[in-house]
Amino acid sequence: MNPNKPIQSIQMLNNTQRNFQWNVDYEWTIHIFPRLLFLTSVQGDKTIKRYNNKNQNKRFDINQASNSTESMAIRSRFNQGTKALVFFMATLLIWIVSVLWEILINKRKELVAIILGFIFYQSANWIIRKSMRNRDPLFVNTCVSLLHSTTTSASVLFILVNQLMVNVNHIFEHAQLVDHTWPWAYTSLCFSCGYFAYDQLDMLLYRLYSGWIPSILLHHFVLLVCFTLALYRNVTINYLILTLICELHSVFLHLRKVRRMAGFRDSSSSVFVKVEWVFNWMTFVLARVVSHVLITVKLIRDANKFDKGGIELPLALFGMAGMNLLNTFLGIDLFKAYRREMYPQRSRQSHQD
């Protein structure tokens, strides 16, 4: 790597900051964020090396591994997790600075709901951790996720029912979805942003992820960028509220996970579990697959109604493409889990074959 590159990047960042007018959030995303991310990744490589040297003996006794292959596998997994930690922690810190700048410098008091959402779910985490016998970080995190999906789906249903009662003929018009904001929609979206920031931090602190590019961390990162940009510019708020209908399915998804982690795994003869799976599949199809496909179709049909050269349409299409792709993988995993749980003998036999 050229040693002058970080210096040149810092000079570019300083020039950008001197000429930047902080009243347009589009500029933050296009110019400043990538440079900060680049500088963070440069420093991240140095941090990874220091972190590995300091903690290698504490976390893994690699020198005592049975063979060199096992030693390399352990070191590789550790380095992957550390690099993911550094990258996503850096992006989360940049996001926090951006939100605080909007609230404190640009006087965007309505964004305080993001901070309140973070505090609410972090407090729920502490309460669950103190009150439950099972203090496993993954169990506590899943319980808080169940709380978020329940409160968010309830708020989305409340907003939609309220609009259907007063504005049923125009609720899904392009102008309504892009330029207007339904009552309580902005606050609800801010609160969900606070949750995604909390959940990202909790997973990073307790290493509740795996892989070189953890899908759950990438999912939260994309949502935080899309949601906060919409909140800064106060556009497509109602579109994003419609995407949160999928939290109805997340309720049953997290409920199943909490049930199994609590030790209730005998499911083939349980009426409760069978009913749970019925709602799981029903909400997956209606609240996740159908709703997201319809939103994508609506975006494509109304593409000519968006401002030309604007960031709203590309960002919305990119986000929906990612959601539909994740829904496909989620459906495959859900089907495998259903077979394992409802037909354990058949699943065991196919695994042996």
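Along the chain as shown, the residues are counted starting at 1.
Just so it is clear, glycine is given a Cβ too, placed from its N, Cα and C backbone atoms.
Note: TrEMBL annotation is automatic and uncurated.
What TrEMBL annotates here:
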DOMAIN    134-343  domain 'TLC'
TRANSMEM  84-105  transmembrane segment
TRANSMEM  111-128  transmembrane segment
TRANSMEM  140-161  transmembrane segment
TRANSMEM  181-198  transmembrane segment
TRANSMEM  210-231  transmembrane segment
TRANSMEM  237-256  transmembrane segment
TRANSMEM  277-295  transmembrane segment
TRANSMEM  315-338  transmembrane segment
Whole-number mean of pLDDT values that fall within the domain 'TLC' (134-343): 91
Recorded stretches the transmembrane segment (315-338) and the transmembrane segment (210-231) touching, at least 3 CB pairs under 8 Å: yes
Intrachain neighbours beyond the transmembrane segment (111-128), with Cβ under 8 angstroms and 6 or more residues off its ends: 99, 102-103, 140-141, 143-144, 147-148, 186-187, 190-195, 197-199, 202, 228, 231
